[in-house]
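Reviewing the structure listed below.
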């Protein structure tokens with residue numbers, strides 16, 4: 001479009017980064033544009049309109065629904081573990097030499113992580129090129145369609161379809177966003193195989209308030225004649241899934257335990273945590289079914305399958321980063337069931353590190369949760385981990401103007417985010433049997449509220465960077481970069497950190513939100529910013 005051409009010319013001399021960031025900033029406008037909000041209101045009582053609208057946007061972007069059949073799609077949904085299942089599946093099939101596409105959400109650091117080719121986030125130049133191709137087609141046709149533009153996730157889904165078709169992938173693994181039946185990825189007509197990971201309670205305002213209602217939504221990705229697999233589920237949701245499969249006309253198989261697979265020696269997974277075993281089993285069934293259809297006849301090399309499981313990487317899920325005396329344990333658990341798995345993992349791995357410390361170790365919890373999540377229930381599960389400090393902060397990477405556009409969220413106000421943190425702090429105090437201190441002090445520095453304090457062992461910070469800097473106390477060389485802005489805090493707050501300075505090691509569990517984990521990784525793993 002004309003606007004895009006002139007805009008790109010003005011930015012081209014500034015380099016790829018500026019052109020890419022301009023695309024990301026334009027993408028972010030789709031989080032809050034008026035037409036997107038109107039779509040949500042209009043479709044809330046008629047969810048089937050979501051797929052109808054998605055087909056219209058796809059057509060306006062120059063794509064046809066039947067073109068998606070060429071992507072040989074593996075479609076995966078679930079409440080817990082669907083992203084890990086997709087990561088295992090993609091790695092297995094990439095090990096066979098196939099050119100893979102992988103669409104997932106949310107991203108941790110950069111939005112282009114959501115769209116991967118051969119396991120790597122699409123490059124900035126390609127993202128920018130394809131972004132404007134799709135955006136301009138939609139922009140040019142919006143006046144004829146009441147000014148409507150797709151909301152953020154819908155746009156990225158269309159972009160992923162477009163990129164995978166243009167880049168001629170051999171297959172595409174698609175992770176459902178929310179639910180299944182009315183998720184915008186469900187315009188896929190003929191996937192090669194479908195999978196459902198562990199089910200639980202989440203997104204109840206959209207999917208329903210019982211696990212059976214949620215199962216009905218998840219089973220909506222089944223397609224006539226397309227084989228489907230599920231991990232073992234409780235009796236209620238399993239019955240619903242079986243009924244959905246019969247109603248739609250597809251086979252539904254339950255994955256065996258991972259121990260039932262025959263392999264030479266012990267079967268190793270690249271992702272930590274006992275709960276990953278069911279995800280790996282589902283991935284084995286999905287990839288095996290896809291390979292059977294692709295080869296029709298011939299040998300499927302089991303070695304390549306199991307090697308794929310061992311080589312899988314999926315940042316932010318049961319991830320450990322050791323930075324000198326500070327060790328970070330990161331997991332994006334955001335439901336009570338996933339938090340149970342997170343606690344189990346942390347209680348297994350943290351003592352292993354502590355036994356080798358040779359001195360006192362301080363445990364710190366860094367927590368935040370978003371949306372309609374039951375924060376108190378998740379925090380209750382974390383209490384037995386015996387943290388020395390509980391630190392809360394919003395999902396704001398840093399409280400300065402240079403915040404990465406990839407991680408901006410315009411749908412929630414800063415005030416609401418900080419209020420949520422204070423509520424979480426109070427929940428933690430109650431769960432630990434601590435009485436609220438009357439007249440809690442709000443610490444002010446540089447004209448801004450920097451830390452809210454109610455008790456010596458719980459703190460609220462305004463952003464992720466300030467929380468990490470206080471927790472690490474200058475002992476993490478990555479965070480001690482002299483080029484980083486260090487947010488000042490009152491001397492009384494620094495005094496409370498004396499145990500952190502004296503401990504041999506500091507162990508930090510970062511959990512409650514994938515967005516929190518992503519914001520932390522932006523600071524802790526600089527390679528993810530490149």
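Cβ atoms are placed via backbone N, Cα and C, with glycine included.
Because TrEMBL annotations are produced automatically, they should be read as predictions rather than curated entries.
As the structure is a computational prediction, the values presented were derived from the model and not from experiment.
Taken straight from TrEMBL:
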BINDING   105, 175, 203  Mg(2+) binding site
BINDING   317, 331  ATP binding site
Compile a sequence-ordered list of residues in the same chain as residue 331 (ATP binding site), six or more apart from it, whose Cβ lies below 8 A from its Cβ; state 'none' when nothing qualifies.
273, 316, 317, 318, 319, 342, 345, 346, 509, 510, 511, 517
If one looks at the chain holding residue 175 (Mg(2+) binding site), which residues at least 6 apart in sequence have a CB under 8 angstroms from its CB?
76, 77, 82, 83, 86, 103, 104, 105, 185
Under 8 Å between C-beta atoms and at least six apart in sequence, can you list the same-chain neighbours of residue 203 (Mg(2+) binding site), or say none if there are none?
178, 179, 214, 371, 372
Is it possible to get the count of other C-beta atoms within 10 angstroms of the C-beta of residue 105 (Mg(2+) binding site)?
19
Determine which residues of the same chain, besides 105, 175, 203, have their CB within 8 A of the center of the CB atoms at the recorded Mg(2+) site, and list them by sequence.
82, 83, 104, 106, 176, 177, 178, 183
